[in-house]
Amino acid sequence: MGVCGYLFLPWKCLVVVSLRLLFLVPTGVPVRSGDATFPKAMDNVTVRQGESATLRCTIDNRVTRVAWLNRSTILYAGNDKWCLDPRVVLLSNTQTQYSIEIQNVDVYDEGPYTCSVQTDNHPKTSRVHLIVQVSPKIVEISSDISINEGNNISLTCIATGRPEPTVTWRHISPKAVGFVSEDEYLEIQGITREQSGEYECSASNDVAAPVVRRVKVTVNYPPYISEAKGTGVPVGQKGTLQCEASAVPSAEFQWFKDDKRLVEGKKGVKVENRPFLSKLTFFNVSEHDYGNYTCVASNKLGHTNASIMLFGPGAVSEVNNGTSRRAGCIWLLPLLVLHLLLKF
């Protein structure tokens, strides 16, 4: 619907028709727009939604009557306003220019506008097309999603605007490079944990700054232990075993020794669990505490375990000496073989 199309009173509609038939377009005289110099309207006028549009028509002293029309609706005839829309105002009505302004332009104002003049000889018209640009707006976007590793996902981002905006998807991650999709839809087949994080949808059409919204993608996967650190501690000292695991959701930790679970509250022992790390602390190590401990990390998708040693200072020396002895034997083996060959 054009400017004022919904505001006419019945009597004004009748006057509009009469004006057009009687003095703007006399009987038997066709409306023309072929004169290269008179009347002359502007080229196409482009404005953003909410701004004001000025429509100018160049005339001269041959004009006896003049009017601005939106399609078949008269907005102004001379100094008289035939449109009740308060946004439409007369800017100038002189011997050289006839101009109106449409304030707070909206998309329904877009379309053709006609400057129609009457001279002593015949009527003439000139047209200008009003183009209304609209800033981009994201009207629909996927919600945050949680999905198991290996499954497929589809993200949607629908945007409106004039001209039609360009939609792009980008993975917000230090490892991500450039855009992952230049479309409203982002499809990821067999998603991996490295593809988790935030995905940014951007809509742009050069009318205003791009609009941006984000979707958080959580990729669930079973635990894996990235570090299992044993320690050597003398009797009577404090010792700590550490178990670090990566998992989504975060892993739950348990400690075992000889198939027996160690629980919080045991005298002299403390279990400290964090989202990705568990510590087993002995405040006063005894000979009985030495040995092999098992760290178990689990979540709803699976579990894993690792063996961690708590040993005394002497055990470190024995391990190193044992390694050296094995290396020495390997080094001597070729000499023994050569000696036997020469002997026989």
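Cβ coordinates are placed from backbone N, Cα and C, and glycine is handled just like the others.
Here Cys57 is paired by Swiss-Prot through a disulfide bond, and of Cys4, Cys115, Cys157, Cys201 its partner is Cys115. Noted from Swiss-Prot: Cys295 is disulfide-bonded to Cys243, selected from Cys201, Cys243. Bond annotation: of Cys83, Cys157, only Cys157 is listed by Swiss-Prot as forming a disulfide with Cys201. Asn292 (N-linked glycosylation site) has Asn152 as its nearest neighbour among the recorded positions Cys57, Asn70, Asn152, Cys201, going by CA to CA distance. Other Cβ atoms within 10 Å of the Cβ of Cys57 (disulfide bond), summed over all protein chains shown, number 27. When Cα-Cα distances from Cys243 (disulfide bond) are compared across the glycosylation sites Asn44, Asn70, Asn152, Asn284, Asn305, the shortest belongs to Asn305. Fewest other C-beta atoms within 10 angstroms, among the glycosylation sites Asn70, Asn152, Asn292, are seen around Asn152. In the three-state DSSP reading, Asn284 (N-linked glycosylation site) counts as coil.
Using a 10 Å Cα-Cα cut-off around Asn305 (N-linked glycosylation site), the recorded positions Asn70, Cys157, Cys295 reduce to Cys295.
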